[in-house]
Amino acid sequence: MRLTKATSLIIIAISVPIAIELRTVAGFFNIELPLIAVAIIEFLFLGLMFVLYGLYGEKDNSVSP
Amino acid sequence: MATASQRTFVDRFPDEAAVVKANFLVAFVALGIGAFFGLVQTLHRTNIVRVIDSADYYTMLTGHGVLLAIVFTIFFLCGFFHWAIARSLDRPAESKLFSWAWFGLMTTGSALAAIAILGGLVPNLGISADVLFTFYAPLQAHPIFYIGLAMFIVATWLAGADWFLSYRVWRKDHEGERIPLQTFMVLTTMIMWYIATIGVAVSVVFFLIPWSLGLIPSVNPLLTRTLFWYFAHPIVYFWLMPAYMMWYTILPKLSGGRLFSDPLARVVFLLFLLLSTPVGIHHQYLDPGIAEGFKFIAMTNTMFLLLPSLLTAFTAVASMEHGARQRGGEGYFRWLGALPWRDPAFTGMAFAGILFAAGGFSGMINAGMNINYLIHNTLWVPGHFHLTVGTAVALTMMAGSYWLVPQLTGTKLYSRPIGLLQVTMWFIGMVFMSNAMHRAGLAGIPRRTAEPQYQNFDFVTPIGSIFELRVQIALGGTLLFLSVVLFLFNMLLTSLGEESDRPVDEYLPAPLSGAEGSPRILDNLTMWTGIAVLLVILAYTLPVAAIIQNGGGLFGGGLPVPATISAGLDLATTALTGAVNTLVGVIA
């Protein structure tokens, strides 16, 4: 699946709740993550995803209905 | 032979399409106004921007709740059900005039209620209805608010009669056939609605209207609360069932496949018919006038309601997986990538389903009697229902519109990328807002408050800060408002577009497992209605009897006494003994 604008949007959307709850999960282990750290992690994650998709993404096999 | 253009709904059923469009128009106008009120509120209570008086906050809160949770959802539902009945029975409504009559009555009732609410912003007018969405006593509204609501409810009854009439005529020509799935879903939902609205009809007509007109001096507040919640829990399912209907009958097609199981869908809708109503007391865990035993029974009933929702989750995901594999998807999870994520109708419904799962979990906290005490009347509760009605229902309805509206207008969707941006923005906005609301609720921040900032007292949250939560709520609320603007913009330009022969592929394929393999008793609506009524009688007779006895009678006024189960039992026994004696006397 090749990275498309739609896929990018969906990945961003799904990663937002994960990033928000990252602080809660870290809190369970007594690790206090500052907000800025979460924002940096989120941007790094997105960058990594884009690079991985760009390098190893399959050919787009989805068909628009 | 049908031509391509005749396959479009508006070409086959032009009169029905006009009724559906009219319903959607009112729904979308209410959505726009309600969303604007939501933006004003979210910025006000988080203290980011305050453009209104705090006293007017409650007017806006009432407007937000009534316009979105009642007007938007139910007008959309009526339009959607009207479409579904005509489509699945393949016949027009029996009387065009009757269809327009219930639409007209609903619109008039909504307009009266809206005038009463908005009148609160003009103090000299002498009309207000700052009673919030939960419009029970002791808060009192202007009589036209209650009269408007009564007209609205009666209009929904007439709409249901319209659809039952279509079904009855269809049945005469189709002896022995199974009820088409979408019609089955409409009819079971409406039976549930008829049973549920008895409570609010009694409350409004016999208590609130006479009280607001000054015809009776007082009401029994706990009775009106109980009658309200008798209606207002099943209304949750009245909102949800059209969303479920889209997940069962439209989402599988959008995924590229078919519904996994028709019988399972029927079982789910029957379970909602049976279990939606006898649970309303779980909203009253902290009401002192109801004995704990009754609350425990309501909690047990509520937990059974998880079953149809879990069955739905299974069926929806199974249908999506089937669709993805039809599109070439493979592997345990890689099939997810083969789904049509570029289609806003699909993506919106999928996002709605994801957040509904989160809303279901927070709902379990609400439903548990002991842990409910922790979050009762806190911001957790709005956090919960913005995931359920605010996303599972509202986002599904908006996403469904991207597929439905072109069928009604005969025009192609104006912009799929804008649609995709809109549903994604809703998802992200709601994650920000509802997540922060849940966490703020755990910190004890109250709901229904214009200024939850207090002198010499700071709320404490274990992770992050209260300031961050406020910013998250304001950011989320703003994204949600912008999302509504994009949606309305897309719908407007779609309706103004050029007509197309085939604006959308509206064919719905047959389920993988059809109705023919399931027991015919599933279609025996009379029997299921009887069982649903019996369950309501069992769940509510004793609590209502106790509330009447303990609260100083039907109209209140007496001194309240401590709630016990035996009080209800005494009153019920006395009433039953009296009835038996009378009957024996008549026979003798």
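From the backbone N, Cα and C atoms, a Cβ is placed for every residue, glycine too.
Just so you know, TrEMBL annotations never went through curation; they're auto-generated.
Database features (TrEMBL):
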DOMAIN    B:24-522  domain 'Cytochrome oxidase subunit I profile'
TRANSMEM  B:63-85  transmembrane segment
TRANSMEM  B:97-123  transmembrane segment
TRANSMEM  B:143-165  transmembrane segment
TRANSMEM  B:186-209  transmembrane segment
TRANSMEM  B:229-251  transmembrane segment
TRANSMEM  B:263-283  transmembrane segment
TRANSMEM  B:303-324  transmembrane segment
TRANSMEM  B:345-365  transmembrane segment
TRANSMEM  B:385-405  transmembrane segment
TRANSMEM  B:417-437  transmembrane segment
TRANSMEM  B:473-493  transmembrane segment
TRANSMEM  B:525-548  transmembrane segment
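Long-range contacts of the transmembrane segment (B:186-209) within the same chain, counting only residues at least 6 positions beyond its ends with a Cβ under 8 Å from a Cβ of the stretch, are 81, 84-85, 135-137, 140-141, 143, 146-147, 149-150, 153, 156-157, 160, 163-164, 167, 179, 216, 219-220, 223-224, 227-228, 230-232, 234-235, 237-238, 241-242, 245, 269-270, 272-273, 276-277, 280, 525, 528-529, 532-533, 536, 555. Counting C-beta pairs under 8 angstroms (sequence separation of 6 or more), the transmembrane segment (B:385-405) fails to reach the transmembrane segment (B:303-324), with fewer than 3 such pairs. Here the transmembrane segment (B:303-324) touches the transmembrane segment (B:229-251). Their Cβ atoms form 3 or more pairs under 8 Å, with each pair 6 or more residues apart.
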